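Visitor: I'd like to ask some things about the structure below.
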Amino acid sequence: MVLIRVLANLVILQLSYAQKSSELVIGGDECNINEHRFLVALYDSTTRNFLCGGVLIHPEWVITAKHCNKKSMVLYLGKHKQSVKFDDEQERFPKEKHFIRCNKPRTRWGEDIMLIRLNKPVNNSEHIAPLSLPSNPPIVGSVCRVMGWGSINKYIDVLPDEPRCANINLYNYTVCRGVFPRIPKKSKILCAGDLQGRLDSCHCDSGGPLICSEEFHGIVYRGPNPCAQPDKPALYTNIFDHLHWILSIMAGNATCYP
């Protein structure tokens, strides 16, 4: 009888440990405080609810996902813990918002991108600096890093106080076509994740970066529901495929794709 109780307690402890570990790795582990100086936190300025992540690419410009757009938004730069404010944290508001096809209500596959011009440039500091745009297309098979304040529980939204980081793999586009059969044969989408279902971006990570070879290659777009399922990677908007549009907008030479 005693042996049965001991074995039962060991099983309970193992199940408890497995559950806690699973919850922790959906959004990864806490990011190093110095590795995400470009990471932006987007909030609804009316409700003050957290919306999405974003990426600083220039002192005056931020990239995020189009589906993160709200009429009233505020952006925080230089933030780590949501509950603690750094001395160099800066608050900004959108001065301009640019979309791929601004006269089209529907977003095409791979075009879930929004370029925000800030109302005032930010200053580089200990916790704030832009991330480099890609110089070449990403390489399938690369290990990339995803980060954000998204949910750490795949079934209900449990947002962490600090951003989580995870290393995931970049897969061939055909892998994601098997998971999302509605996506076209060709699109401006990257396919990345962990086929064992241990690591994944999740709810509220939208708009955050996928970083490969220390360059900004993808925006968190969408994934399986619930997150972090085996053999089901997530979709990321491909930054390199939109590079000409991004640079043209920043230079004042373009507005929308036709």
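Using N, Cα and C of the backbone, Cβ positions are placed for all residues, glycine too.
Okay, these came from Swiss-Prot:
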SIGNAL    1-18  signal peptide
DOMAIN    25-251  domain 'Peptidase S1'
DISULFID  Cys31-Cys165  disulfide bond
DISULFID  Cys52-Cys68  disulfide bond
DISULFID  Cys102-Cys256  disulfide bond
CARBOHYD  Asn123  N-linked glycosylation site
DISULFID  Cys144-Cys212  disulfide bond
CARBOHYD  Asn172  N-linked glycosylation site
DISULFID  Cys176-Cys191  disulfide bond
DISULFID  Cys202-Cys227  disulfide bond
CARBOHYD  Asn253  N-linked glycosylation site
Visitor: Rank aside, I only need the closest one: which of the recorded positions Asn123, Cys144, Cys165, Cys227, Asn253 has its C-alpha nearest to that of Cys176 (disulfide bond)?
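Guide: The smallest Cα gap between Cys176 (disulfide bond) and any of the recorded positions is with Cys227.
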Visitor: Pick from Asn123, Asn253: which of these glycosylation sites has the biggest number of other Cβ atoms within 10 Å of its Cβ?
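Guide: Of Asn123, Asn253, the one with the most crowded Cβ is Asn123.
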Visitor: Hey, how far is Cys144 (disulfide bond) from Cys68 (disulfide bond), Cα to Cα, in Å?
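Guide: Cys144 (disulfide bond) and Cys68 (disulfide bond) have their Cα atoms 23 Å apart.
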Visitor: In which DSSP state, out of helix, strand and coil, do we find Cys52 (disulfide bond)?
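Guide: Going by the DSSP assignment, Cys52 (disulfide bond) falls within a strand, counted as strand.
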Visitor: Can you tell which of the recorded positions Cys52, Cys68, Cys202, Cys212, Asn253 lies nearest to Asn123 (N-linked glycosylation site) in space, using Cα positions?
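Guide: Out of the listed candidates, the nearest Cα belongs to Cys52.
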Visitor: Could you state the whole-number distance in Å separating the C-alpha atoms of Cys68 (disulfide bond) and Cys202 (disulfide bond)?
Guide: 14
Visitor: I need the nearest neighbour of Cys212 (disulfide bond) among the recorded positions Asn172, Cys202, Cys227, using C-alpha distances.
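Guide: If we rank Asn172, Cys202, Cys227 by Cα distance to Cys212 (disulfide bond), first place goes to Asn172.
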Visitor: Between the Cα atoms of Asn172 (N-linked glycosylation site) and Cys52 (disulfide bond), find the distance and write it as a whole number of Å.
Guide: 26
Visitor: Just to verify a number: CA distance, Cys52 (disulfide bond) to Cys202 (disulfide bond), in angstrom, no decimals.
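Guide: About 11 Å separate the Cα atoms of these two residues.
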Visitor: Any idea what the Cα distance is from Asn253 (N-linked glycosylation site) over to Cys227 (disulfide bond), rounded to a whole Å?
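Guide: Cα to Cα, Asn253 (N-linked glycosylation site) and Cys227 (disulfide bond) are separated by 39 Å.
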Visitor: When you rank Cys191, Cys202, Cys227 by Cα distance to Cys165 (disulfide bond), which of the disulfide-bonded residues ends up on top as the closest?
Guide: Cys202
